[in-house]
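Okay, so here's the structure we're looking at.
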Amino acid sequence: MAGVGAVSRLLRGRRLALAGATRGFHFSVGESKKASAKVSDAISTQYPVVDHEFDAVVVGAGGAGLRAAFGLSEAGFNTACLTKLFPTRSHTVAAQGGINAALGNMEEDNWRWHFYDTVKGSDWLGDQDAIHYMTEQAPASVVELENYGMPFSRTEDGRIYQRAFGGQSLKFGKGGQAHRCCCVADRTGHSLLHTLYGRSLRYDTSYFVEYFALDLLMENGECRGVIALCIEDGSIHRIRAKNTIIATGGYGRTYFSCTSAHTSTGDGTAMVTRAGLPCQDLEFVQFHPTGIYGAGCLITEGCRGEGGILINSQGERFMERYAPVAKDLASRDVVSRSMTLEIREGRGCGPEKDHVYLQLHHLPPEQLATRLPGISETAMIFAGVDVTKEPIPVLPTVHYNMGGIPTNYKGQVLKHVNGQDQIVPGLYACGEAACASVHGANRLGANSLLDLVVFGRACALSIAESCRPGDKVPPIKANAGEESVMNLDKLRFADGSVRTSELRLSMQKSMQSHAAVFRVGSVLQEGCEKVSQLYGDLQHLKTFDRGMVWNTDLVETLELQNLMLCALQTIYGAEARKESRGAHAREDYKVRIDEYDYSKPIEGQQKKPFAEHWRKHTLSYVDTKTGKVTLDYRPVIDKTLNEADCATVPPAIRSY
């Protein structure tokens, strides 16, 4: 800590007079004794720049980031964890329903059945090697959380309680509804995040709290760390590391109505894009069936898992018509589309007939109080509804991004060169920021928290396999990160005609109206033009705060740049994909287009060439100067990690 203190005194001694700054800079860093830092004048004389060196740096401190960070520290790596929020403010805290694992506490279960359901739920766009890894690791991951102290809800005999959730079955879809979702009432994400944060405090990890990651530090195709802004004092920090893990979450705030926190701005996704690397499958955006009408707040799928039902204005349990077997527990894309069709056909509820109802008041009050206490409170606050007496008005709301940074099942980031996958040295991703792809075209409920802990741990294990603590950290150029500082300075003094909030709202409303639950070519084309125009309007931004101390105006503008890159790739990918698959439902291309017609026996059929079918991953790139989007494609991985232990699930017609 003596070295850190010396740097702090040096920074304070310089008394840099930045416009709007009213106090000296305070250099804040994690309390690790292993932290090293020194002041650099290589890329800016206007902004204080501090260089650090670690074995590994994790960007993001939600469930995935924390699990990766303390996994590395536990293995002896000198680890930094950089986050724009205090860890327990991360969006993982908002997850309600639970975490899937085939524990078999309610009935016989098998992780291979979970594997089957996840592949089917992905509409056969998920990579089966990664799905194999995740579902096989699920039971041990939940037991690990229990050992960390996570207070799971319990059965009467003391085992972890498991509820029913959408798209989950027994015996490869032939044995009825599975009860596979482990939960802590309806506050599972809150409990998981606090459990992981508490566990992380056992280890010597350096936390850089309220630091905004600006860009990756890339050298010769390798990632060698990140450059970040300290929001507290405006200092710039280059964190050099042999390995970098991106765990920054999703980009739900590209849409007007969503369940995501305002901080879900796709920061990691955008950093990868600016580094010239691809993003994968961003057109697949999950609409959760039950957001509170008018507010967008999440009402967990656990409500339907506990016996809640969706009804229309005629009091009809309409899901029986769309999914005769699973009914209200069909997969999320199926339920969201069914609700939208009910509203379109005039059976919506309310004066405007523009929503449906989620009915819970037929359930015992004691069940609502013990299994769904948070929902009872949320419904009263945001809808004015007493769930023991009235139904909750609900509407599909943007909830999750299936796409993200392409990785393999070890968390290593991939690029696609000459038709082949290549690993990007030194770069990993996990959580919602990543696309492994375990969710494919549609994520099953309660697989997201599982994704976080399984692949956060996988990143740490993968690094421990290939590196050793104290390995030499590769050098970076003296001016590495210079462009990031220039961009920050440009935005800080931006004096155009458009407020950040105005441009952000225009983007969100455009995405909401042009790339919603149902999509059509002409509307998507119009959306592409509109979002491209809005991207161009970034040149006309006006920021008002010229200071550097807690400049939230500047941070929101940096976040808007990130959101725009995500929005561009989402809508261009959606316009190009001329089929319906999972969460991507085209009204002008209503069927799934595979290499074979799986509604018929494939014997005698000729396999479609790769260019003529859509069972493939979209790879998107953006020229950040012009906003031009370029698309490429890579094949889906159908083989599991061990065919003898877990057989591939061949594509089939998907019904519930």
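All positions are counted from 1 along the displayed chain.
Even glycines carry a Cβ here, placed using N, Cα and C.
Under DSSP, Ala61 (FAD binding site) is assigned to coil, being neither helix nor strand in the three-state scheme. According to Swiss-Prot, the FAD binding site annotation covers Ala61, Ala64, Thr83, Lys84, Ser90, Thr92, Gly97, Ala213, Asp267, Glu432, Ser448, Leu449, on the basis of similarity to another entry.
Cβ neighbours of His91 (tele-8alpha-FAD histidine) (same chain, under 8 Å, six or more residues apart in sequence): Gly62, Gly249, Gly250, Ser260, Ala261, Thr263, Ser264. Residues or ranges marked as tele-8alpha-FAD histidine by Swiss-Prot: His91.
The N6-succinyllysine annotation in Swiss-Prot covers Lys171 (among others). Lys171 (N6-succinyllysine) carries neither a helix nor a strand DSSP state and counts as coil. Residue density at Lys171 (N6-succinyllysine): 14 other Cβ atoms are found within 10 A of its Cβ, drawing on all protein chains shown.
Feature annotation from Swiss-Prot assigns N6-acetyllysine to Lys171 (among others); the stated evidence is similarity to another entry.
Lys242 (N6-succinyllysine) falls within a strand when secondary structure is assigned with DSSP. Taking the Cβ of Lys242 (N6-succinyllysine) as reference, residues of its chain lying under 8 Å away and at least six apart in sequence are, in sequence order, Asp55, Ala56, Arg224, Gly426, Cys467, Asp471, Lys472, Val473, Pro474. Annotation comment: Swiss-Prot describes Lys242 (among others) as N6-succinyllysine.
Here the Cβ of His399 (oxaloacetate binding site) has 27 other Cβ atoms within 10 Å, regardless of which shown protein chain they belong to. Residues or ranges marked as oxaloacetate binding site in Swiss-Prot: His288, Arg332, His399, Arg443, Ala446.
Neighbour count (other Cβ atoms within 10 Å of the Cβ, all protein chains): 20 for Lys327 (N6-succinyllysine). According to Swiss-Prot, the feature N6-succinyllysine maps to Lys327 (among others).
Summarising the annotation, Swiss-Prot assigns N6-acetyllysine to Lys327 (among others) and lists similarity to another entry as the type of evidence.
Per Swiss-Prot, the feature active site, proton acceptor maps to Arg332; the stated evidence is similarity to another entry. According to DSSP, Arg332 (oxaloacetate binding site) sits within a helical segment. Sequence-distant contacts of Arg332 (oxaloacetate binding site), defined by Cβ-Cβ distance under 8 angstroms and a gap of at least six in the same chain, are Gly166, Gly167, Gln286, Phe287, His288, Pro289, Glu301, His399, Asn442, Arg443, Leu444, Gly445, Ala583.
Annotation for Lys415 (N6-acetyllysine): same-chain Cβ neighbours under 8 Å, separated by at least 6 residues, are Leu277, Pro278, Pro406, Asp421, Gln422, Val424. What Swiss-Prot records for Lys415 (among others) is N6-acetyllysine.
Under the three-state DSSP scheme, Lys472 (N6-acetyllysine) falls in the coil class. Per Swiss-Prot, N6-acetyllysine is recorded for Lys472 (among others), and the stated evidence type is similarity to another entry.
Just so you know, the Cβ of Lys477 (N6-succinyllysine) picks up 12 other Cβ atoms within 10 Å once every protein chain is counted. The N6-succinyllysine annotation in Swiss-Prot covers Lys477 (among others).
In the three-state DSSP classification, Lys477 (N6-succinyllysine) falls within coil. Taken from Swiss-Prot, the feature N6-acetyllysine applies to Lys477 (among others).
Around Lys490 (N6-succinyllysine), a 10 Å sphere centred on its CB holds 13 further CB atoms from the protein chains shown. The N6-succinyllysine annotation in Swiss-Prot covers Lys490 (among others), and the record cites similarity to another entry as its basis.
Taken from Swiss-Prot, the feature N6-acetyllysine covers Lys490 (among others), and the record attributes it to similarity to another entry.
DSSP assigns Lys509 (N6-acetyllysine) to a helix. In the structure as shown, the Cβ atom of Lys509 (N6-acetyllysine) sits within 10 Å of 14 other Cβ atoms. What Swiss-Prot lists as N6-acetyllysine is Lys509 (among others).
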Other CB atoms, at most 10 A from the CB of Ala61 (FAD binding site): 31
State the three-class DSSP label for Gly97 (FAD binding site), counting H, G and I as helix, E and B as strand, and everything else as coil. coil
I need the CA-to-CA distance for Lys530 (N6-succinyllysine) versus Lys509 (N6-acetyllysine), whole Å please. 11
Among the FAD-binding set Ala61, Ala64, Thr83, Lys84, Ser90, Thr92, Gly97, Ala213, Asp267, Glu432, Ser448, Leu449, as the record gives it, the longest Cα-Cα distance in Å: 30
Counting other CB atoms within 10 Å of each candidate's CB, the least crowded of the recorded positions Arg443, Lys472, Lys590, Lys616, Lys639 is Lys472
Of the recorded positions Gly97, Lys327, Ser448, Lys477, which one has its Cα closest to the Cα of Lys639 (N6-acetyllysine)? Ser448
